[in-house]
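Asker: What follows is a structure written as structure tokens; I'll ask about it next.
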Amino acid sequence: MDLQLKEKLVLITGSTSGIGKAAAKSFLQEGAAVIVNGRKQETVDRTIEELSGYGTVHGAAADLSKTDEAAAFIEKVNEIGDIDILVNNLGFFEVKDFADVTDEEWNQYFEVNVMSAVRTSRHFLPKMLAKNSGRILNIASEAGVKPLPTMIPYSMTKTALISLSRGMAEMTKGTNVTVNSVLPGPTWTEGVASYMEGAAQAAGQDTDTFIKDYFKVNEPTSLIQRYATAEEVANTIVFLASDAASAINGTAQRVEGGIIRSL
């Protein structure tokens, strides 16, 4: 299927690793040009170098949890070109007891996981509506509808992203602009690999055995009983950004291997 993404310009926040980087590669393979983003210029430059063989890659480093850096970032993006597709992927998580999470940490979760998407969307959604064309995808999580007791702040922010997406989608009524959220489940990324290695060590098990048993013990409702790959999630992101998904708007698209036991 030709997704008709050639010559589209895609901005993906938090795209120097994990799902964001996989999505950047997938968009490039479909013929789109991509702007990658990370906090550090060196990681942005490295990502550009790694992906440049697949197509046209631009980069803009910024910490989007900070208002001033986000504003400068948006100016730089506008200098690169007119965005057709915005993927708000920036986010982080930490496993921590609820009672131990400080006010400062709660604020950090909100600034990184929610306000980064608000800042970019607040600028680019009106521009998309003005030209009657565009896609916004907010990368949430299955934790947004099935909150995780060991990651309550993270879960809260992902619920907020789902609500943000639906609210913005209501603003697109009758236009050719769509806004959707994507809800990955357990996905194998660099960050997850690091966490699992640490958890296996703490449990006194080798990593391979620990990972093999993880779904049986911790995620028994998963229907695929494995981690999704970042590429599998990226495939859904790219499809929703295409004209082939023009009738899909305001949804929270699950890519969680059936882990949520509801219709």
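Backbone N, Cα and C atoms are what each Cβ position is placed from, and that goes for glycine too.
As annotated in Swiss-Prot:
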BINDING   THR13, GLY14, SER15, THR16, SER17, GLY18, ILE19, GLY20  NADP(+) binding site
BINDING   SER141  substrate binding site
ACT_SITE  TYR154  active site, proton acceptor
Asker: Apart from THR13, GLY14, SER15, THR16, SER17, GLY18, ILE19, GLY20, which residues in this chain have a Cβ no more than 8 Å from the mean position of the Cβ atoms of those residues at the NADP(+) site?
Answerer: ILE12, LYS21, ALA23, ALA24, VAL36, ASN37, GLY38, ASN89, LEU90
Asker: Can you tell me how many other Cβ atoms are located within 10 Å of the Cβ belonging to GLY18 (NADP(+) binding site)?
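Answerer: GLY18 (NADP(+) binding site) is surrounded by 23 other Cβ atoms within 10 Å.
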Asker: Cα-Cα separation of GLY18 (NADP(+) binding site) and SER141 (substrate binding site), in Å?
Answerer: 14
Asker: Sorry to bug you, but what's the C-alpha spacing from SER141 (substrate binding site) to GLY14 (NADP(+) binding site), rounded to the closest Å?
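Answerer: Between the alpha carbons of GLY14 (NADP(+) binding site) and SER141 (substrate binding site) there are 15 Å.
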Asker: Under a criterion of Cβ-Cβ distance under 8 Å and sequence separation of at least 6, what residues of the same chain contact ILE19 (NADP(+) binding site)?
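Answerer: Result: ASN89, ILE139, PRO184, THR187, THR189, ALA230, VAL233, ALA234, ILE237.
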Asker: For SER17 (NADP(+) binding site), just count the other CB atoms lying within 10 A of its CB, please.
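Answerer: Taking every protein chain into account, the count is 15.
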Asker: Give me the count of other Cβ atoms within 10 A of the Cβ belonging to the residue listed as 'substrate binding site'.
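Answerer: Excluding its own Cβ, the number within 10 Å is 30.
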Asker: Starting from the Cβ of THR16 (NADP(+) binding site), draw a 10 Å sphere and report how many other Cβ atoms land inside it.
Answerer: 25
Asker: Just to verify a number: CA distance, the residue listed as 'substrate binding site' to GLY20 (NADP(+) binding site), in angstrom, no decimals.
Answerer: 14
Asker: Counting Cβ neighbours within 10 Å across all chains shown, tell me which of the binding-site residues GLY14, GLY20 comes out on top.
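Answerer: The residue with the most neighbouring Cβ atoms within 10 Å is GLY20.
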Asker: Measuring Cα to Cα, tell me the gap between TYR154 (active site, proton acceptor) and THR13 (NADP(+) binding site) in whole angstrom.
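Answerer: Distance (Cα to Cα, whole Å): 17 Å.
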